[in-house]
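**Student:** If you scroll down you'll find the structure; I have some questions about it.
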Amino acid sequence: PRVCVVGSGPAGFYTAQHILKHHAGALVDIYEKLPVPFGLVRFGVAPDHPEVKNVTNTFTQTARSGRCGFYGNVAVGRDVTVPELQQAYHAVVLSYGAEDNRVLGIPGENLPGVYSARAFVGWYNGLPENQDLKPDLSCETALILGHGNVALDIARILLSPLQLLRKTDITDSSLAALACSKVKRVWLVGRRGPLQVAFTIKELREMINLPGARAVLDPADFTGLESAVKDASRPRKRLTELMIKTALEKPVEMQAGAAAPREWGLKFQRSPQEVLPSADGSRARGVRMALTRLEGSGDSAKAIPTGDVEELECGLVLSSIGYRSLPLDPAVPFDSRRGVIPNSSGRVQGVPGLYCSGWVKRGPTGVIITTMNDSFDTAQSLLEDLQGGVLDISPSREGFGLVESILHSRGVRPVSFSDWEKIDAAEVARGKAAGKPREKIVDPAEMLRIIGH
């Protein structure tokens with residue numbers, strides 16, 4: 001059987017890995033719209049979390065397998081359609097992730113000084129489409145809307161000592177911008193309470209221990225939570241206890257003459273109503289918040305506006321309320337309300353031979369291990385369909401042979417995995433000169449020049 005996987009992030013690679021491991025004859029081709037592989041591992045994981053990026057070693061082994069092909073620089077839906085892939089392969093798996101972000105839907109969100117978390121993360125991680133972001137870091141206070149791990153990542157990058165960031169694979173241009181940053185206070189704001197935060201204890205602990213930055217948590221926000229957390233799961237309990245402990249700790253006395261520390265804090269039960277413009281209307285100067293009360297408890301609690309409002313002053317607003325998948329091709333069913341492809345265990349509804357895995361299958365939540373299990377689940381569905389004869393593999397399919405002629409006729413030249421390894425080597429060499437693990441190349445045209453495209 002010839003299988004095609006669209007997208008080379010964790011979902012794509014884990015799907016391919018599982019199929020190759022459990023079917024001795026399957027051939028898998030992975031298509032990627034960028035010239036470089038690994039998706040969110042390269043462009044989403046924070047630069048100061050290198051250990052999380054080690055999964056690329058496993059993905060590299062998969063790509064080097066004799067039964068796996070990698071074709072970068074090919075945008076499915078534009079350079080080749082899904083029906084064309086279906087003619088070339090026995091099965092097609094869509095694993096292209098979430099390429100957009102949810103919008104706040106409030107007045108002023110398009111003012112200068114307001115950015116989506118996705119674009120900001122893409123900017124410091126070298127995602128080509130975000131290279132011209134040039135965020136204005138000339139204010140003292142930044143406001144991040146959202147209480148997830150991405151929100152904490154951004155807060156940490158904004159407040160980290162430069163000497164820590166210099167040793168990471170953060171892009172050169174964002175490092176230069178952060179060196180001139182005036183931001184010294186970051187508020188992370190959520191609509192619900194401490195029991196509903198979506199970040200994990202590892203990320204919170206890292207933020208609390210960040211050198212040169214102190215946590216500002218209001219003990220009043222945690223009143224009565226000790227009893228409420230009794231029935232919560234162990235991770236939720238430990239997370240809440242750490243927040244309470246941090247809120248109650250006395251601030252460390254500063255030595256006379258020491259620079260005022262940077263600080264960050266969590267604000268709860270506030271829902272953004274409007275980004276407020278500066279007097280001349282040229283940029284954001286703050287956010288008006290509706291204060292909320294919670295109805296219900298635990299993860300299902302709803303935030304209901306109380307009618308009271310407050311204004312928070314800030315010159316930088318980062319919206320971290322979630323990523324969103326987009327439809328790829330008119331031939332593929334898509335639930336635009338939920339931002340997913342309708343499916344059952346990864347089988348796309350009503351389209352035999354078409355599958356999906358990762359965020360486009362279940363929505364943009366979870367960490368790499370969640371995506372791994374989810375992708376194995378989809379791959380298992382595909383393998384069962386092969387075994388049960390649901391997928392007809394009697395007609396031979398040409399696979400990349402057919403796709404190559406289509407791409408050639410449209411003037412598209414794919415990038416192979418060995419091409420990527422040349423780009424990789426160039427990045428590592430540039431990084432070495434600067435004392436970093438790598439210096440990412442952010443311009444696709446330069447990537448293609450390196451490989452002589």
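Here the Cβ of each residue, glycine as well, is placed from N, Cα and C on the backbone.
According to TrEMBL, the record shows the following:
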DOMAIN    2-158  domain 'FAD/NAD(P)-binding'
BINDING   ALA11, GLU32, LEU40, VAL76, TRP359, GLY366, VAL367, ILE368  FAD binding site
BINDING   HIS147, GLY148, ASN149, VAL150, ARG191, ARG192, GLU203, GLY366  NADP(+) binding site
**Student:** Specify the nearest of the binding-site residues ALA11, LEU40, VAL76, VAL367 to ARG191 (NADP(+) binding site), where nearness means the distance between Cα atoms.
**Tutor:** VAL367
**Student:** Listed FAD-binding residues ALA11, GLU32, LEU40, VAL76, TRP359, GLY366, VAL367, ILE368 - what's their greatest C-alpha to C-alpha distance in Å?
**Tutor:** 25
**Student:** Enumerate same-chain residues with a sequence separation of six or more from VAL367 (FAD binding site) and a Cβ-Cβ distance below 8 A; give 'none' if the list is empty.
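**Tutor:** Spatial neighbours, sequence-distant, of VAL367 (FAD binding site): ASN149, THR200.
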**Student:** Near ALA11 (FAD binding site), how many other Cβ atoms are within 10 Å of its Cβ?
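**Tutor:** A count of 31.
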**Student:** For the domain 'FAD/NAD(P)-binding' (2-158), provide the mean pLDDT of the predicted model.
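**Tutor:** Its mean pLDDT is 97.
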**Student:** Output, ordered by sequence, the same-chain residues six or more apart from ILE368 (FAD binding site) with a CB under 8 Å from its CB, or 'none'.
**Tutor:** PRO10, VAL41, VAL52, VAL55
**Student:** Sort the binding-site residues HIS147, GLY148, ARG192, GLU203 by C-alpha distance from GLY366 (FAD binding site) and give me just the closest.
**Tutor:** GLY148
**Student:** Compared by Cα position, which of the binding-site residues HIS147, GLY148, ARG192, GLU203 is the closest one to TRP359 (FAD binding site)?
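**Tutor:** Of the binding-site residues HIS147, GLY148, ARG192, GLU203, GLY148 has its Cα closest to that of TRP359 (FAD binding site).
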